[in-house]
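Annotated features, as they stand in Swiss-Prot:
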type: SIGNAL; residues: 1-13; note: signal peptide
type: DISULFID; residues: 24-56; note: disulfide bond
type: DISULFID; residues: 106-136; note: disulfide bond
type: CARBOHYD; residues: 141; note: N-linked glycosylation site
type: CARBOHYD; residues: 159; note: N-linked glycosylation site
type: BINDING; residues: 204, 205, 206, 207, 208; note: substrate binding site
type: CARBOHYD; residues: 215; note: N-linked glycosylation site
type: CARBOHYD; residues: 265; note: N-linked glycosylation site
């Protein structure tokens, strides 16, 4: 995407989206309620800024016969999308919209394939700041010649491979030449041509080897199929995304899908682990729960200032990375047990972010050994044989844990995560 108009898109997006909370049951009132809650709950002050309308916002029967524009549903949006955009902008927030790189959206509404220029211009005139662009409704003449391996559970994924893929591309095939890549480039070109900066979020489910071309096409790109508010799905997506961290840096972010914090029957520990992993991976953090009924515990997770500072670091674009798998041998692809030990440098925290995950179904002890953490090895090496420690802060409580030598151990309940800032030597 063009980076010349503004600095927008340098850092991973923060916001809220209708889909995980409401599906198709949306209207202007629900969206403005969410926007006002982003302000009232203090989320705007923490950097959350996008209020995104997902699928089902338009008239389903078709486009305007004379202009060929998509028509906002007048029952859901009496003042149109532009009316909602004006109200959201008045709050100091930004607004997002949804379409698909096909003939219809995933819910069967008019989509943008073949209408990219018209829709980009329409979105710009309405004051849109963000486009989520899905992958539904693709006609046969736009179907790729080959099938790319996205090792989601449901396929017979073996250590990240897809032995059930009957139509793989030949060795050396350039997926930039695929029809999927072309469909997404067409909307990119249309967005760049309008006189408004619109963040471009590709939602192609990891297909067509998007990690090779996503960053030259959009600001973020989905790496998997859809998330659900269940720990097995969250763990599986975290596992898949953990192998893509070398693609993360300023201006380009693999997207493991929107947040489910506050949804379903996730335990508080699972909500914590979900958010901490997504923040540490510098994924877009798009809230997907009803904010007018959110619990204080869930709000506290979404509002964690230390994780958000790491996520929005203006100097270091690289994410945290796994440095030890823990439950499994290193580099094991396991949907039930993603990498458990992560670390990442920060210019704003005064130290290194370290995560320890308990991926097991029972309470377990996890131990971060300082000499194993890549960011700490240089400091330890300079000290020679002298035994030193580091100042450690608990990310969840903000508590100073003092000068911790050699390692830090903690008992973690099932699917919980310990998050630490390991600071200066002591």
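Note that Cβ sites are derived from N, Cα and C of the backbone, with glycine treated the same way.
The distance from the Cα of residue 206 (substrate binding site) to the Cα of residue 56 (disulfide bond) comes to 23 Å. Neighbour count (other Cβ atoms within 10 Å of the Cβ, all protein chains): 8 for residue 265 (N-linked glycosylation site).
Sequence-ordered, the extra residues of this chain that approach the substrate site, with Cβ no more than 8 Å from the Cβ center of 204, 205, 206, 207, 208, are 135, 148, 150, 180, 210, 222. With all protein chains in the displayed structure included, the most crowded Cβ environment within 10 Å among the recorded positions 24, 56, 106, 136, 208 is that of 208. Nearest to residue 204 (substrate binding site) in space, judged by Cα atoms and limited to the recorded positions 24, 136, 215, is 136.
If you check the recorded positions 56, 205, 207, 208, 215, 265 against residue 106 (disulfide bond), the ones with a Cα inside 10 Å of its Cα are 56. Within its own chain, residue 159 (N-linked glycosylation site) has 332, 333 as residues 6 or more apart in sequence whose C-beta sits under 8 angstroms from its own.
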